[in-house]
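Peer 1: Quick one: the structure is below, questions incoming.
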């Protein structure tokens, strides 16, 4: 069970790293220049603050996943089982809080990025915010691709948090076994 869980954790962390790098690159390198009525305008995430924040948080999530993979590789290189590291309640709790913190931060940033992407897609007429996607189509398509990858990142990181929670709560087993049927019958007969 332990080595299977290590493989699952490794696959989840590698896929999270790949998704995070893909999303960060798709969002950070997205720009399009158009000439509208003799004026040249450039659309990039520098103009969209929530998407810039999403890019920064996703890049930080990629760095966190890389550090965790390096930790796992160091344990494998030293010949130690990474599952033994989780036998300490403090360490398991620390990894659980780190995994959940990065997952929640990524989810929050992705949600803000989705909101701003939808404003760019549909506009807000009451606030006189025009649609961007009818002018900068390639820019919006690349943003949409980056946000879909961000969604996949959030899902894989949520599953990784569930694995961390499983490892942490596995340390808290019952201290006394539940009474058997014959013990329950004798306790009921005595009362």
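Our numbering is plain: 1 for the first residue shown, then up by one each step along the chain.
The backbone N, Cα and C atoms fix where each Cβ goes, and this holds for glycine too.
Automatic prediction, not curation, is the source of TrEMBL annotations.
Marked as domain 'Casparian strip membrane protein' by TrEMBL: 4-151. What TrEMBL records for 12-29, 50-67, 104-124, 145-169 is transmembrane segment.
Help me picture where these features are in the structure shown.
Peer 2: Same-chain residues lying 6 or more positions outside the transmembrane segment (12-29) and placing a CB less than 8 Å from one of its CB atoms are 45, 51, 54-55, 58-59, 61-62, 65-66, 68-69, 72, 106, 113, 142-143, 145-147, 149-150, 152-153, 156-157, 159-160, 163.
Listed as Cβ neighbours of the transmembrane segment (145-169) (distance under 8 Å, sequence separation of 6 or more from its ends, same chain) are residues 5, 8-9, 12-13, 15-16, 19-20, 22-23, 26-27, 30, 54, 58, 61, 86, 89, 92-93, 95-96, 99-100, 102-103, 106-107, 110, 113-114, 117.
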Peer 1: Should anything in the same chain at least six residues away from the transmembrane segment (50-67) have a Cβ under 8 Å from its Cβ atoms, list it; otherwise answer none.
Peer 2: 13, 16-17, 20-21, 23-24, 27-28, 98, 102, 105-106, 108-110, 112-113, 115-117, 143, 150, 153, 157
Peer 1: Using DSSP, how many residues of the domain 'Casparian strip membrane protein' (4-151) fall into helix, strand and coil, respectively?
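Peer 2: Looking at the domain 'Casparian strip membrane protein' (4-151) with DSSP, the answer is 111 helix, 14 strand, 23 coil.
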